[in-house]
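To keep things clear, I will list the structure first and then write my remarks on it.
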Amino acid sequence: MASLKKSLFLVLFLGFVSVSICEEEKRQEDEDEHEEEGENQEEGSEEKRGLFSVLGSVAKHVVPRVVPVIAEHLG
């Protein structure tokens, strides 16, 4: 009976250890995913800033030429 208790205790102990290791790995993966999401959001904001700067430079060159043409057609 004592050997059965020891075996059962060993199985339970190893089960708890493996569960705790799995939980740690899952937490680490979740943290890594959150970091990647943060990096992706930063990259997205950089892309948006790049897009707005391109649109701004296009607007600087196009608007002064388009406004007089529109004014001629309307007036």
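Cβ atoms here come from the backbone N, Cα and C positions, even for glycine.
Keep in mind that this is a model prediction, so the values were computed, not measured.
Here Swiss-Prot flags 1-22 as signal peptide, drawing on sequence analysis. Residues of the same chain that lie 6 or more positions beyond the ends of the signal peptide (1-22) place no CB under 8 Å from a CB of it.
If you look up Swiss-Prot, you'll see 24-48 marked as region 'Disordered'.
Annotated compositional bias 'Acidic residues' per Swiss-Prot: 30-45, in sequence order.
Taking a C-beta cut-off of under 8 Å and a sequence gap of six or more, L74 (leucine amide) has no contacts in its own chain. According to DSSP, L74 (leucine amide) is assigned to a helical segment. Summarising the annotation, Swiss-Prot assigns leucine amide to L74 and lists a curator's inference as the type of evidence.
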